[in-house]
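A.B. asks: Below is the structure I would like to discuss, written out as structure tokens.
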Amino acid sequence: MHNFAKIFRSNFIDINAANKFEIFLKTILRIYKTPARTHLLAHAADISAIYAVRQIYNYMKNDEEGRTVLKEKPLLIRQDIQFNELKKLPKNTLGYKYMKFLETYKLHAHDREVSHFFTDLNYSYILTRYRQIHDIGHVVYNLNISIESEAALKLIELVQTKLPITLLAILVAPFMTPIYRFQYIFKDSLPSNFLSPNFDFTYTDAYNYVDELSIKQYEYNLTDYFHVEKRNDRNFYTKMYQHYFDNINNSSAVRGSIIYGFENKSSNDIIYDQPNREYIFLKNLKKKYLLFQYKPRKNLLRELYPWAYMAGVSTTKPLHSIHIEKWLDKDIDLFRRTYNISPLPDHLNLMAGIN
């Protein structure tokens, strides 16, 4: 309480309603062009949040844990939390996961913007608290910081807070989310030569995409390439196919051979190369990495938003009303069960989860 009272006094900006409206319009126009400047979003939230914050305050007053939070006004700042100690906690605690998230994405808990334009101490604290708890939301819902993951978390926050700025973020996010994304996923550490010109970018793809570059770059031996003239005798191709697998480790015995139209039941790919009017056999070598290709905007609209809405509705208490600081040394799964928090489904983890 004492810490926030000082923070409130040092950050309060006393301006009239007309000036606030002017700031709101200017920030809204600039947010789309510079979304990384989070203070713009914070200022717009400050000015537009009075009715929503009042409702949050009334909810917290009528909730035992919420009243405790309002009375003590805990903060995720260095003066109140020993962040280095959180890294020493067991790996499945909320505090450890929180620090791991911050370090993974190079974030700092104390960097969240303080509310500037509320004259009421409690209202100012509620909005400041909402911003500080935002990263806790990433952790407990298992969301990374991509545009689509941020948008999904904003939908959860809209359900829980009714803040207008969260609705704006949800509406704008699909236009800012990439249509298509290529992402290298490494099983181990990032190879030192990843950015070098001679790095072998072929991969084993979990979604069975064909690496188009590897079809063309014969000189780099990225794939085995096989050709035969087209024949109508199906038995010929059956024998050819068997011959290849009998000599799978002896490429000199099969190089210069191709299989046309034979049903492929292996983990390799047979595709039809339209320009050359021929079938190509691609030998997929096991790699320590894969190129993951997906459509973030489509995933956001069809999967992340529906999940986020249901996750927001099912949670029994908004995060800002929970005394998070008392849970930092507790098991994160226990925290989720206590408040019925549904983390990101496994099938969306590679696209939107914390990796």
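Glycine residues also receive a Cβ, built from the backbone N, Cα and C atoms like all the rest.
As annotated in Swiss-Prot:
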type    : residues               : note
BINDING : H134, D135, H138, E150 : Zn(2+) binding site
A.B. asks: Note down the number of other Cβ atoms within 10 Å of the Cβ of H138 (Zn(2+) binding site), including every protein chain shown.
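C.D. replies: A count of 21.
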A.B. asks: Let me check the 10 A CB neighbour count of D135 (Zn(2+) binding site). How many other CB atoms are there?
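C.D. replies: Around D135 (Zn(2+) binding site), other Cβ atoms within 10 Å: 20.
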A.B. asks: Using the Cβ centroid of H134, D135, H138, E150 as the reference point for the Zn(2+) site, which residues of the same chain not in that list have Cβ within 8 Å?
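C.D. replies: For the Zn(2+) site the neighbour list reads I136, G137, L143, I145, L153.
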A.B. asks: For H134 (Zn(2+) binding site), list the number of other Cβ atoms lying within 10 Å of its Cβ atom.
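C.D. replies: Summing over all protein chains shown, H134 (Zn(2+) binding site) has 17 other Cβ atoms within 10 Å.
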A.B. asks: Please give me the CB contact count at 10 A for E150 (Zn(2+) binding site), counting all chains in the structure.
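C.D. replies: For E150 (Zn(2+) binding site), the count of other Cβ atoms within 10 Å is 19.
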